[in-house]
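Asker: If you scroll down you'll find the structure; I have some questions about it.
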Amino acid sequence: MKNRLGTWWVAILCMLLASHLSTVKARGIKHRFKWNRKVLPSSGGQITEARVAENRPGAFIKQGRKLDIDFGAEGNRYYAANYWQFPDGIYYEGCSEANVTKEMLVTSCVNATQAANQAEFSREKQDSKLHQRVLWRLIKEICSAKHCDFWLERGAALRVAVDQPAMVCLLGFVWFIVK
């Protein structure tokens, strides 16, 4: 009876590890909305033209999510106060070539992002040096998180975040079976 109860606890632990609750990086859009702001009058709600979402390489994706990235003490305070102004993703598909390495992908992603968002980089702000430093660090982190699916097929990259909970579960089950 005690052995079965232990097996159930290991199974529950494995389910929690496999759910990847700890790897979620977004924290929500808590400070994005200004609740006391008056609503501007609209133009009758009629749509006059269709707008197509721009998916050019390097385009920022801004959804108001707060990413879990360390910018240093001063940068963390600035990012926490202004995260809704920063991108939380970059549209970039750089896996068209068969022999793309991780370094090539990150470099081309950063270059495409810089070319596509010149207005954002040239924007003058009172705290522009800190803003630019946080923005560049954010771009480098987002680009370095990108990967090509064919890397996994070739076995060139090991997805530790996915494989680690599976290995812990496997070791736990083997330990209980042997015991």
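All residue numbers here begin at 1 and follow the chain in the order shown.
Quick reminder: no glycine exception, Cβ is built from N, Cα and C everywhere.
These figures come from a predicted structure and were not determined experimentally.
Quick paste of what Swiss-Prot says about this protein:
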SIGNAL    1-25  signal peptide
REGION    51-155  region 'Globular'
DISULFID  Cys95-Cys148  disulfide bond
CARBOHYD  Asn99  N-linked glycosylation site
DISULFID  Cys109-Cys143  disulfide bond
CARBOHYD  Asn111  N-linked glycosylation site
Asker: Determine, to the nearest whole angstrom, how far the Cα atom of Asn111 (N-linked glycosylation site) is from the Cα atom of Cys148 (disulfide bond).
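Answerer: Per the Cα atoms, Asn111 (N-linked glycosylation site) and Cys148 (disulfide bond) stand 18 Å apart.
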Asker: Just the number: how many Å between the Cα atoms of Cys95 (disulfide bond) and Cys109 (disulfide bond)?
Answerer: 11
Asker: If you count the other Cβ atoms within 10 Å of each Cβ, which of the disulfide-bonded residues Cys95, Cys109, Cys143, Cys148 comes out on top?
Answerer: Cys109
Asker: Give me the CA-CA distance between Cys109 (disulfide bond) and Asn99 (N-linked glycosylation site), in Å, as a whole number.
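Answerer: Taking the Cα atoms only, Cys109 (disulfide bond) lies 16 Å from Asn99 (N-linked glycosylation site).
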Asker: Using a 10 angstroms cut-off on Cβ to Cβ distances, just flag whichever of Asn99, Asn111 is the loneliest among these glycosylation sites.
Answerer: Asn99
Asker: Write out how many residues of the region 'Globular' (51-155) are helix, how many strand and how many coil, based on DSSP.
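Answerer: Split by secondary structure, the region 'Globular' (51-155) comes out as 56 helix, 6 strand, 43 coil.
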Asker: About how far apart, in whole Å, are the alpha carbons (Cα) of Asn99 (N-linked glycosylation site) and Cys148 (disulfide bond)?
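Answerer: Just about 10 Å between their Cα atoms.
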